[in-house]
Amino acid sequence: MSKKLHIKTWGCQMNEYDSSKMADLLGEYQGYTLTEDASEADILLLNTCSIREKAQEKVFHQLGRWKTLKDKNPNLIIGVGGCVASQEGKAIKDRAQCVDIIFGPQTLHRLPDMIEQVRRGDKAVIDISFPEIEKFDRLPEPRAEGPTAFVSIMEGCSKYCSFCVVPYTRGEEVSRPLDDIILEIAQLAEQGVREVNLLGQNVNAYRGATHDGSICSFAELLRFVAAIDGIDRIRFTTSHPIEFTQDIIDVYEDTPELVSFLHLPVQSGSDRILTAMKRGHMAIEYKSIIRRLRKAREGIQISSDFIIGFPGETKEDFADTMKLIEEIGFDHSFSFIYSARPGTPAADLPDNVDMEEKKQRLAILQDRITQQAMRYSRHMMGTVQRILVEGPSVKNPMELRGRTENNRVVNFEGLPKHIGTFVDVEIVDVYTNSLRGKFIRGEDEMDLRRSLRPSDILAKHKQDDDLGVTQFKP
């Protein structure tokens, strides 16, 4: 009888990536298979997030539900990982005796050893340390699950924004070596992955060591990834404006594999609030980045993060945010009401914005961005869009679902053979969260894979001089 593993994941794409690695790790080394049913699992893992309000209470409510399962099955192992685990540590065990393992984002690779310790009789295993980036050396080879894949390129953040817990829960910025990243992506490409999403708390701070001891920048990494055979689209999440340098913008000008969509958090349009947040830039600097980006890549779509009701935010500050939203024309946003995170500098500031006022501001902001997104979507009506087909449609499994370069979901009628490939569709209808497409052509009609060897090019432009030396003139 196979051993079962159930993982519940909250939070960002980095957590989703970490959870997939936990499943791969325990599957390869200990033979566990994933199950959606917690009641039939031998191990329950909760991968937590501490960004939002009441994150800790959410964890303990879930553990309370799992405790009833452990009461019925004393051999059940329960583990808590992620940022809440890193932040709370032993306090989780003190409050929830049913927990056997507590591990941080940087120690998930030690899970097999921790499980063995519990099996041998240890009452609780806690490891929330920050080893350099050792975990990537201990994880099994990547396994593709469809045509898209997340690839972590770095961990942590060293910006210390006043509202953010990430530097305290995931540590400071540490970059993976270039060769490790390229190998992982090449392995995924061999398995049919066509699009990679490079992950990190601040990817444009990437500074990875190379085989010769030099340092690879994020812009250079993007070009290396674009050169990998089979990788046709590159996305990345997430960035910080103060390190969105000109060399990164230049990649948008000459690297078509990099999609015409960028998520660049700004948090506020008020210089006063940006200063209080310790973001390290002003609104005009953010606008300068976007202006240069749109010069390098016409039509690029921009999304962002916004925090509403940060301590001291006035009506004038919020008006500055709305002005920035209109000037930039954001296509999408992740926007939240501010909630103090314990241990951050902003937690000591007086939260003097009325909750009803916060809710009203959030509704106004979200409504404006929804309007802007719908306007962009309507402009796509009648156009032909190239989409990567990810699988069956969520609402209608008889149809297919794909995603445009600018990150819009398109549902259309197509054949199963198109899954994992690119197709061209005409946009025939627009909805709030998706588009409707009509199939135009498949990848076999696009000539995407044509490649010319250098000798072929030379043969077409062969010019011998008097000495018989071949010269090439493009």
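Cβ atoms are placed via backbone N, Cα and C, with glycine included.
Marked as [4Fe-4S] cluster 1 binding site by Swiss-Prot on the basis of sequence analysis: CYS12, CYS49, CYS83. Using a 10 Å radius centred on the Cβ of CYS12 ([4Fe-4S] cluster 1 binding site) and all shown protein chains, the other Cβ atoms total 19.
In this structure, CYS164 ([4Fe-4S] cluster 2 binding site) belongs to neither helix nor strand by DSSP; it is coil. Sequence-distant neighbours of CYS164 ([4Fe-4S] cluster 2 binding site) (same chain, 6+ apart, CB under 8 A from its CB) are CYS157, ARG341, THR344. What Swiss-Prot records for CYS157, CYS161, CYS164 is [4Fe-4S] cluster 2 binding site.
Taken from Swiss-Prot, the feature domain 'MTTase N-terminal' covers 3-120.
According to Swiss-Prot, the feature domain 'Radical SAM core' maps to 143-375, an assignment based on sequence analysis.
According to Swiss-Prot, the feature domain 'TRAM' maps to 378-441, an assignment based on sequence analysis. Residue counts for the domain 'TRAM' (378-441) under DSSP, helix first, then strand, then coil, are 5 helix, 33 strand, 26 coil.
Across the structure, CYS161 ([4Fe-4S] cluster 2 binding site) and CYS12 ([4Fe-4S] cluster 1 binding site) are spaced 18 Å apart at their Cα atoms. Neighbour counts of Cβ atoms within 10 Å were compared across the binding-site residues CYS49, CYS83; the minimum falls on CYS49. Taken residue by residue with DSSP, CYS83 ([4Fe-4S] cluster 1 binding site) is part of a helix. Per-residue pLDDT, averaged across the domain 'MTTase N-terminal' (3-120), gives 91.
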